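A.B. asks: Residues annotated as transmembrane segment in TrEMBL: B:6-24, B:36-57, B:63-84, B:91-109, B:129-148, B:179-200, B:206-224, B:258-277.
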Amino acid sequence: MGSQQLELVLKDITKTFPGGVIALQDVSMKLKNGEFIALLGENGAGKSTLMKILYGIYTPDKGSIILNDEELSIRKPSDAIRRGIIMVSQSPQLIDRLTVAENLTLGLENVKPFAGFSRASIMIKEYSMKVGVKIKPDDKVWSLTYTQKQLVEIVRALVLGAKILILDEALTYLPLEERKKFYVFLQEFKRKGGAVVVITHKIPEALEVADRIVVLRKGRVSGELTREEATLEKVRELMFAEAAREITYERLPSSVKGERPVIKAEDLWVQGDFGVPAVKGVSIEVKEGEVAGIAGVVGNGQRELLEALIGLRRIDKGRVHIDGVDVTNKGIGNIRNMGVGFIPDLPLRYGVSQDNNIIENIAVLFHREKFVIDWDRVQGLTRDIIKTFKILTPSEFYPVKILSGGNLMKVVVGRELNYSRRALIAYNPTRALDEITAVQVRRIIKDKAMNERIAVIFASEDLDEVYQLSDTIYVMNSGKIHGPFDPETTPRDEIERLMVM
Amino acid sequence: MNGLESILGVIEGVGAAFITFYLVALGHSIFEKAGLLDLAIDGIFFMSTGAAVLGAVVFGNPIAGSLIAALIASLFGLLMAYLLTTLPISHGAVGLSLQFLGYGLGIVLGYPVRQQVGALYAFCYSHEALLEISAVALLLGLLTYYLIEKTKLGAAIRASGESPHAASALGVNVLTTRLVAAAIGFAIVGFGASFFPLLWQRYWDIKVYTLGYGWLAFTIALAAGRHPIFLIPMAFLFGGLVEYSVTIQSLLKLPADVAKLIPFMGALGAMLAYSFTRLGRIFASPQSLGKIYYKEEKTV
Amino acid sequence: MVLRRTRPLKHGKLTTITLSLVAGILLYTFILAAIGVSPLLTLSIISSSFISSGVIKDFIVLTVLGYALLVAFKGSLWNIGAEGQFYMGAVPVIYLTTVAFYTMGSVSIAQSILVITGSVILAIVFGALWGAIAGAIKAYAGVDEVPVTLILNYIAYYLVNILILGPFQGKYVYGYKRTDLIPEAYQLGIKIQLASTGNPIIDGVLSYVREMIIFGWWLLGLAMVVFLVWWFFNKTSLGLKVKVLGSNPDYLVTAGWDVKKVTIATFAISGAIVGFMSALYLLGYLLRLEYPIEGQTAGYGYLAILVAWLSLLDITLVPVSAYIISSLTNAGIAQSSSPEVKQFLTQAGFAGAELSFRWVMIGSILLTYSVLRFLSDYEVRVIRK
């Protein structure tokens, strides 16, 4: 690191994504050694895109990156690494089948192609001691927990000699204790001449640790605040502008639950993707007309639980009943036939077929009995969905891949809500929707529960959403479930405590 | 004593077939370890045999034949790796296209010289060379093992095969890595294939491309999890099946085609056996094998 | 830099197809020119083959097989096994016509119809089963279908060879390794002679008409296949599922469908169409099988891959691309039998390998096509730094 001067300037960065989505428009920002910057903004404001451009993952359409008066050409991450710019993302970018040392060796410039991994091993031991974490260089990455992987990522940044450290929600999901330890360490890193950019949605935390706060809104810088100027109110205003007042986080009215349980899980044990138990003995019951929300930090087994309920994931132990029928390991087909809607994690990957048009995407779910498709019926249905959700498309025969991300999400959500006759199982149901549509979707969900008496179980990383929508709140942490809690009477910090405990 | 001799006899008999299959499967494995699906293998195999015949005859030396085959195959590997890494195009389509092109080029390269000289004996490796070549093949296997498992370059190759996006974020230059893997891999494929006409059969003609031995090598690699060491017994087994199919056939009084059938049935059987047992998990293919590496995708 | 297109490229399909053809033909011409064949001669032979009535037979076969593969390819199931499915389809045909119901004389119309219908139906079943095996291995063992279908091709070759040398060995073939000729009573041909008029244009047109009549049954079969494939993809739920499978199997799973079943069914349908064509081909043209079959195939199964790919999986473009491919293969044959070309090839040492040149042409057309295909979904933007 040393004490040499360091000044990084991002100048007029513009980036457009396919579909004409303008992610960044003439964004400029500065960064000096000894600075700790928090980059804030709504989902989709362009924070991650900006940092990915700095790290060479995306190429900007326009704009320049200048380090100490020298214009850099960063076309790939290795170019950035060479300049001491290192990014750690929210999802670990490590190769599972390689060891920790192998993973870290890949970025070490001075290790020759035919050399081994001993240099990295030594450095890992040295730096992990400095940071105060325990990392074994010879462990395969797949055997590590999420927290351990993130620690490896951070140690990696130091091993690679980071001068500018970008943390894209990297600390957000670490346990509080680890996080605090890191903030202390980052302050020291800064004092020694490094620079830090943190992307986070935990605004209070950002206010506490950052020297300067840069806020993005809809791809533009909406303001900069020094530590002294910054208040929670000011930041919120910069993030949401006037719209902040329109968006309501008021609780939607509670629905009257029925007596009949629709979804019932008893002592469920389910494995995650790497063969370790992800759901550990979860029992849950959702009655007719009830909306149950599962709060939790990503990666605590919510996804696996929901996938097991819909029949996508094998259940090792325990039973699932839907409408009183035992559907344990009976497959998703049977459960879907019972009229259960499902919004998956990564909906654009799992919930939609890009090369087909809207009507085909809807038909393949709705048309279940006969061999010959009744296209007239499907067409009526499709038009309904397009109308209700204000999907911007010239016609129902428009290929889905040409729709914008938000409209695509509306196709998925609209289709699944419409399909839910008995129950809805949803993961982040309003992800990637603009706030207005998100509120509308929540209203529709609530409406279906109240008037059509469907049972809803959803998981969301957005605690506001959980509070707004749920009749019952559960918290999922490390594969175990806590609850039920009544949203009317349970304070948020109680839920937050259970989430990160 | 007698038993030992006959065992040695078998080993010698299978040797040339083993060398061919082992090296082709080994090179193919390096290529696929980097995440590049290699459906061109059968065409590259045939083309290399043609190139080997050309080189051996023109230079009057089998070693020149092997090296020329390695060189030409290597160029095709570079082309394939470059196209598949820089453009969002189907690995399968490019591979199969190159397979057909390989059939054609193999004939263009090998046929005229072969017609000119008639018999190839004069240009082939001597029988005594079998031992040395086996040693070279095994040495190449060990070196490959060391390269893949113990070096930074090997880790980069594996990383590019598991997840090129993550590999890139970790600091790997995916294009360079894949080019290197492809050049080395296909050079070994070409080198190995050269032993088909120059050591094993000591014969070559146009029908070689209907044999499907490239596909057998593909299956051997699949069945051995693309592991340089596990490939050894697997290549030996298949080499034996192919080499002794004639013996098996005459012993059991079966038509020639039953014998030709056996290795392919064996290949299919091996594929099935692996996918239904635990071995399948250990020998799992690289996660991004054959997947398009496309950088600018924005997902929600 | 390469970016995903937001709108489909105008005339993208046409451009891609044309460029691929041009590239393939140029490389082919170039290699022949290197041997000494004048490019003009090569190109004139190629262009004249486009208006030769000789392409009708190949055109029909390749269109039907192209549709067969299109069904699988639409589901991103790379059925490279049409060769095997074709010869497995031939097995029941040969069995029924030359073994079980062989006849030297005439038989009742009823028997003719029954044997022919039975052959066609069983050929469809055999083709479907051979396809379904590959589908099942893909579905249940998770093995990539390309090596599986290819290996099944070799297995089919050798199985049929064994049959030809064994139970199917003809009794009236003077010891040749071949089956008996399919009796006239079971043949699906229409015999016709049209008198020459002396006018070359009218004669040219008439020769087309004659070929169309001779292959009348095939044309009927072709029409049925076109209609069924269209109906399958536009009206049936299985057809829709195949399309979704091709685009995103994960969504098919999420929607609650069994990808395994869809995979197997798709392979079976693909193989069934191949089997159907196989029956027509044997009953209407080939009339017997000869040992060894892998040496004497016209490679229809592989050419059909080219047809399906070149159509960009567009149902309306399959006949177009089949016509192009059959013209080009006929050009290859015309070329190698043209005395002038033959002389050059012999001088260059290629006597006996003339036909192999078409692999170069096919390979380069395919390669250019596979590379350029991305242009219809992506655009290339040059970024200056």
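Using N, Cα and C of the backbone, Cβ positions are placed for all residues, glycine too.
Curation does not apply to TrEMBL; its annotations are automatic.
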A.B. asks: Using a cut-off of under 8 Å between C-beta atoms, tell me which stretch among B:6-24, B:179-200, B:206-224 contacts the transmembrane segment (B:36-57) the most.
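C.D. replies: The stretch I would name here is B:179-200.
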A.B. asks: Using a Cβ distance cut-off of under 8 Å, indicate which of B:6-24, B:63-84, B:206-224 has the most pairs with the transmembrane segment (B:179-200).
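C.D. replies: Ranked by Cβ pairs under 8 Å, first place goes to B:63-84.
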A.B. asks: Below 8 Å between Cβ atoms, which of the listed ranges B:63-84, B:91-109, B:129-148, B:206-224 makes the most pairs with the transmembrane segment (B:6-24)?
C.D. replies: B:129-148
A.B. asks: Could you tell me what the rest of the chain brings near the transmembrane segment (B:129-148), counting residues at least six beyond its ends with Cβ under 8 Å?
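C.D. replies: For the transmembrane segment (B:129-148), the sequence-distant neighbours (Cβ-Cβ under 8 Å, at least 6 residues beyond its ends) are 12, 15-16, 18-19, 22-23, 26, 29-30, 33, 154, 157-158, 184, 188, 192, 195, 199, 227-229, 231-232.
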